[in-house]
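These come from TrEMBL:
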type: TRANSMEM; residues: 29-48; note: transmembrane segment
type: REGION; residues: 49-77; note: region 'Disordered'
type: TRANSMEM; residues: 86-106; note: transmembrane segment
type: TRANSMEM; residues: 112-133; note: transmembrane segment
type: TRANSMEM; residues: 220-239; note: transmembrane segment
type: TRANSMEM; residues: 273-294; note: transmembrane segment
type: TRANSMEM; residues: 348-367; note: transmembrane segment
type: TRANSMEM; residues: 417-439; note: transmembrane segment
type: TRANSMEM; residues: 445-463; note: transmembrane segment
type: REGION; residues: 476-546; note: region 'Disordered'
type: COMPBIAS; residues: 482-491; note: compositional bias 'Basic and acidic residues'
type: COMPBIAS; residues: 510-537; note: compositional bias 'Polar residues'
type: REGION; residues: 586-618; note: region 'Disordered'
type: COMPBIAS; residues: 602-612; note: compositional bias 'Basic and acidic residues'
Amino acid sequence: MASEPGPVMELLGQVAYHYESMRPLLPTYIHLLVSAIFPIYTAAHASLSRPPSAAPKKSKKHADGDAEGDDEDSPTRIESLTPSDAILFPVLAGITLASLYFILKWLQDPAWLNWVLGIYFSQIGLFFAVKFLKDGLSVVRSFMLPNEYSRSGMLWKVDQQQRCFRADNGTRNSSPFPGLAGQIPLPSSLVHSIWDLRAILYTKARLEFHLHELITIKTWIEILDVLSLVLSGSIVYVHTFVSKPWFLTNFLGFSFCYGSLQFMTPTTAWTGTLVLSALFFYDIYFVFFTPMMVTVATKLDVPIKLLFPRPDGCVFPVGAPEGSAAMEEYLQCLAKKRTMAMLGLGDIVVPGMMLAFALRFDLYLYYLRQSKKGQQLEGDASKPTYVSATGWWGERFWTSSRLWSKEMKAKRFPKPYLRATILGYLAGMIVTVVVMQVAQHAQPALLYLVPGVLLSFWGTALVKGDLKELWNYSEQPEGDDKEAKDAKGEKGSSAATSKARKASIEDKATNNGAVISQTETTNPVRAQETKSTIETQDTAKTDPENACRRLVHFSITLLGSVPETAPTDKNYSTKLVTGKEVSEKVMANKDGEGNPVLATSWERRDDGEPLGKRARKS
């Protein structure tokens, strides 16, 4: 008589049984893991900005006073969470979930609710989809048409004006492609067309839009922004009004996660721990103890989840003729609606918020240690200047690390906390999938993700000895800390400022009055126009909010439209008259006291007519 198997053999038998039953679903679960980590990893890198341990980079100014448009260096205004949000998040999420659940029970048919929510999410999804596509196209552009690459031990940098790449020794290569692709002979017409396309793809334009007392927008745009807007609008329209295939739902879900993780931060590590812990208990309660979470997730067809098709189980009957019973059974199997595995966006955004925070903490430590190293070696206690840590994916791929510039090296800093939290997140997700498969019941993913992320995050800080730095690190915007001080300072200095402004206006009025009185004796018309111009400029400086009286102002200025050879005369300038929104070229003359007087060209010929005027034909 055979003896019964021991507990170890029974355990191994159970593992083999569940593995065999889960093996057909492995592609689906791998798809789920990759799709969950993809928006977190990309959004975390896109959210990088100057940490408190780095000094700001001096921005170049254009003639109009605006900073040079570099999207990579410009900080993004993000929403900082507070400890009170740890209480509000579960409460508000529970109220929203319960409301949707009871509305679904009352309507019986979720079609109307799906339509209303689809319209709502389409508006938000359009904004996030444009940003997601723009950044994705920028990465593709950097891989296909990079600004520099290395070959044969030399660094080649683009020269768009000469339409070539130049090496350090002066060697030129007219091919627009990097690496081995640059050695492929191409027709000259095709090469010229690609260089033209490259110029279009990298050209920036200045967009200015002003709606009186409502909105003012000044930003840099590219052709990729327009292309992203068109593609995103088409995708959102198809998903909202035509059909909702799973891949379009996932695209919008990626966009939501990608955008949300860039505009939200836990501010501090302990605040993020509180928020994740509160949502940890929220997820457990609404999945295990109520039917609300599962009902809302399965009944609503809106982009609040990622969908992953399971295997249909249909086997093609090899050799079966058309019309046979085997072929008909196969076609009927294909006609059935495939079941979907799903993952809520909250299971990506909530832990992903801490993963993005971990990457920014890595960047903070990178500059902090640079500062300490400089202080020890050179005795310089100043902060190192920040270099943008985003972008240049293609250039880093095509360039050997030995030839990387300082800007490239700054984008590749040590990331131990990001790697640790990614491993913790993947471990929690794998446990979720295994438990769901064994229990054959929906699982609250945060039950396994939150411990995995927090233990890996704080455990890494404990092992590396960074607990003090992690506890004190804060992403509170610097401007918020100074608001109280600025408010007190404004009260004390408002009176002095008004007096100084009044005295300055009186001095300018006296000087300008003397200049105008001298001009009136020679040309009354010129004196009147000079007086009007001076008054307009004074109004724009003293009251900038009311300087622009035009209801709507819209302009797009190409960066390449500015002439390379500007006038060398120091007295010549181009001004934008704010009061009338009219751009005019003016000649800045100076009187004996050094006061500027604005006037157009008043030179005359001997017959009294303006220069350049032609006689009319009779």
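Keep in mind that glycine also has a Cβ here, set from the backbone N, Cα and C atoms.
All annotation found in TrEMBL is predicted automatically rather than curated by experts.
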Any contact, the transmembrane segment (445-463) to the transmembrane segment (86-106), with at least 3 Cβ pairs under 8 A: no
Beyond the flanks of the transmembrane segment (112-133) by 6 or more, those residues with Cβ under 8 Å of it: 100, 103-104, 225, 227-229, 231-233, 235-237, 239-240, 251-252, 254-256, 258-260, 262, 300-304
Cβ pairs under 8 Å between the transmembrane segment (417-439) and the transmembrane segment (86-106), at least three: no
Non-local residues, at least 6 beyond the ends, that sit with Cβ under 8 Å of the transmembrane segment (348-367): 36, 39-41, 43-45, 47-49, 51-54, 256-257, 260-262, 264-266, 269, 272, 275-276, 279, 306, 383-384, 386, 389, 413-418, 420-422, 425, 428, 446, 449-450, 453-454, 457, 466, 469-470, 473, 475
